[in-house]
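Chemist: Let me give you the structure first, and then I'll get to my questions.
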């Protein structure tokens, strides 16, 4: 009975359960298998696990295997339209109607495909080797009451394994036992998330004894847990041992290692967790292979194509259209020309269809196919291969190895994780940036605090100095007290609290509670010697480490922790100078997460006192405070506002004394929620709400996160480059504005638009509590504010000397501004501003960052760049055209999702203004040159068609046509794409306005394409008609006229020489590599034709090239023509470039003229004197510049131009009387300013 019949029979049987049948998922012919909600694992029992068919532990990150490589690889190649075109041409060349030998088309095309497939294979081979190394790593597995070494790939779910110190975990493991006391082990996850602090994992007390192989063999447990998923930091499950069921949490799970192929063949990096400070651990395998959390969490970075590539596609389509028109014209001409009146053509009745006057439509069709193969060189076959090669070397050798983007402190170089977007870096118009860890160092220092309504701490932050400078207030340097403590993470100075002086404060009891909260309420791990001077703290965040360091320096030294106890050495508690060790039992830890925004610890004092300590954001703490302390709460809130205005990160500290019966009843609910297999996190949060209330406020902490070095100057430079910067942050309004001033994003010369929800009208509506009314009112208010800004903005950006515009908008208003009915207004405001800086505050969610980035990217069609350092920035990084990851202290998630990775925000200056700008200009030149040389070459064949009755007779030999792109003109253009340099890196940063040329796409406009097309047409006319006309009056040594192959060889020689010389004229700098490649290409042509003409084989066609070059070189005609044709062709180019440089210069050409003599006018003594006045960064850059390297002498018509004298003088505020040339130049510049 078929599956469908079975279902019908069940529903038709009397008494069958209809509801049961309908609830099943049924497809035609079979019943869909349902995935069980939970996974059952039998520890130490392979036979029982076999029935569940769990996946093996072998992993594979390769794209291909031995069977799929060829079909999948070819599919990837033929996804490109150009490759499909060349495949079609190769097939057509094998037909009888092709004028060229099929081998000459198929061989170059095959070489291009082979190159691409070899590249794919090599990259995949690297992945395979990396996978192999991991799969064959040895591990100790329990077999027959002993440890046996097996390969990782042979592990199975449920196996008992042993991992030694510094070893990686081969699978996701349930920790059973550890050599450390209390079943504790320490793991490092730096390879997984970038965090160098050690993390603690603790086995269940019931399994501590299963450490030896004899005891481990006795272990028979059953694990019921969640199905494999990609959540790295959660785990839900229970362990059943005998009749007891124990809840499992992430604290008992050790994650496996995995291999991520970071970029092509550059590097393979091993990721995952490793065991530290523990001799060995014993665990049971839970998830294996591709079902492990890290393997399921490995993210695929979305494929991105640069804007230049998309415009290149349009250029290729234009070439296709040109090719079609050329073929159509030739086919029409052939259909008209074919006639029997031309008796010498022998067009009899039995003539083939292509030349049969009686079948003119067939003549038209077949001639179209013939000309399609003949003109196929119009589309450059080696263009994509050349561009990929150039991009790959640019990223791997130039960006990755740039010492100016190397961060010595963290030993971190820049990393190009993709080579597809190099030129996109030169066209960025909008930057979307995170603040913490991106603009700031993410190195937290305890700076100030508020205890019992009193502020402590005398320092002044960078933000406060910036605010004072903005208001014109002279800042007095704060005197540091004698004996002030200075330690990384602690930058606090106030004699009222240090060295036990807090005992003399009126609120000394609050101080004691404050310090104990800092010392107890955390998850920090102490490491090393248990002395205050040598101990090191491993914390989940730098904020938490700073708070524990503060407690230590205040006299509450946390020095040891076990899973259930915290040990603190307290000074000056009983009396001044007395030190005592106190142990606090940790009963429960309510961990911090982005939803709760707080962390709590329930502890028992040595005297039996039960206390809940809580620290968190002011918004969540104030909601849970006990009524009755309104004065303290109000004063502390004012202090929080003051700290926030100074750019400090704040936390509130509170506590609650607990009665024993209250705690016991709550703890039962907590244990029950912790054992739940469904919605465990949600239930734990609900239980936490029951006890985190009726809190008493102790005070607040203020931690400083200083700006990264060079951020203000970098932002100022990028703004001059025409880049509009949007910063997304969760700070309060006043804090956001002050930090924006400190990093030069805002200044007093800007007109600032502020869109805020913190208005009296909005507060009044919010107090009424009607959510619908609140939403409608805020939306209307945002609309009014946006309308007001749009009405006011034009008067500023219409004025040439008007101020720049800045916008500050809070997250609540942004949510409504992104509404479909208002987003156009927000977008219009940003696009109409000539210089625009945006500081978005209150932006907590990654979703909003993604929405803002997408708004500009899709709505404005501007090139965007997203930069961040944390997991919450990933969506913004992936949404932007270019994603930049900061390899900072918040982990590696942002880097893993990015296109480029740098260590500091200031490196954006080099990445964009130097590498990005160079890559854009170089690739534009490469594309334009390919377009020019192929059009010039193909048009000579096109002109020849008019002299052959449109018959499709070829002008060049087959091999000339095939090797023109692949050999004779291939290498020089690659060196232009790699080494051409218009100005030095220092000048690129000195004149950031030059970057605007890329933003405006000055070098890849249709006007530029038309200019190159004009020269291609002109050169082709010179090549064909100059040579064909002169050859009619010339004779060889034997007195014979030159034949077709003599003329075509002469023409091809001139094409090769001229196009290679034209490449030198387009270069801004000429190195030895340019000379070698150009000279080598010309030399290779002469070597090739010398050999090719000297050999004749039976495979040659009857119209062969035998001895042609030797006949030509035996005449003076050859040498005169070889001299005159390139000169006649390039003379017009020379005149155009001269006029363009004199009267219509690009900005970079003006800078070239200003600095063309710098290297000659600066003597050694001047350089030495200059070096003494350099900053450390400038001195380092100077030393780098003096390293041995290729010296590029400036060329490209950098001759003196009297028309620039008054222009240059104005740059230095000097007056020089204008000359006639200046009048012409100013007139030309006015015409240049008009939009195209």
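Glycine residues also receive a Cβ, built from the backbone N, Cα and C atoms like all the rest.
Because TrEMBL annotations are produced automatically, they should be read as predictions rather than curated entries.
Fair warning: this is a prediction, and the values are worked out from it, not measured in the lab.
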Chemist: Can you check which of 926-944, 945-963, 1135-1153 TrEMBL lists as transmembrane segment?
Modeler: 926-944
Chemist: Ranges 884-907, 1004-1027, 1172-1195: which does TrEMBL label transmembrane segment?
Modeler: 1004-1027
Chemist: Check for me, if you would, whether the transmembrane segment (1047-1064) reaches the transmembrane segment (1107-1132) - at least 3 Cβ pairs under 8 Å, residues 6 or more apart in sequence.
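Modeler: They are in contact.
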Chemist: When secondary structure is assigned with DSSP, how many helix, strand and coil residues does the domain 'P-type ATPase N-terminal' (41-105) contain?
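Modeler: Secondary-structure composition of the domain 'P-type ATPase N-terminal' (41-105): 31 helix, 2 strand, 32 coil.
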Chemist: Okay, the transmembrane segment (315-338) and the transmembrane segment (1107-1132): do they have at least three CB pairs under 8 Å, pairs separated by 6 or more?
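Modeler: As far as Cβ distances go (cut-off 8 Å, pairs 6 or more apart), the transmembrane segment (1107-1132) and the transmembrane segment (315-338) do not touch.
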Chemist: Kindly say whether the transmembrane segment (315-338) and the transmembrane segment (926-944) touch, using the definition of 3 or more Cβ pairs under 8 Å where each pair is 6 or more positions apart.
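Modeler: When sequence-distant Cβ pairs are counted, the transmembrane segment (926-944) touches the transmembrane segment (315-338), since at least 3 lie under 8 Å.
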Chemist: Determine which recorded stretch among 361-385, 926-944, 1004-1027, 1076-1095 has the most C-beta pairs below 8 angstroms with the transmembrane segment (964-983).
Modeler: 1076-1095
Chemist: Find the member of 361-385, 926-944, 1076-1095 that has more C-beta pairs under 8 Å to the transmembrane segment (1004-1027) than any other listed stretch.
Modeler: 926-944
Chemist: Can you give the mean pLDDT for the domain 'P-type ATPase C-terminal' (895-1145), rounded to a whole number?
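Modeler: Within the domain 'P-type ATPase C-terminal' (895-1145), the model's average pLDDT equals 88.
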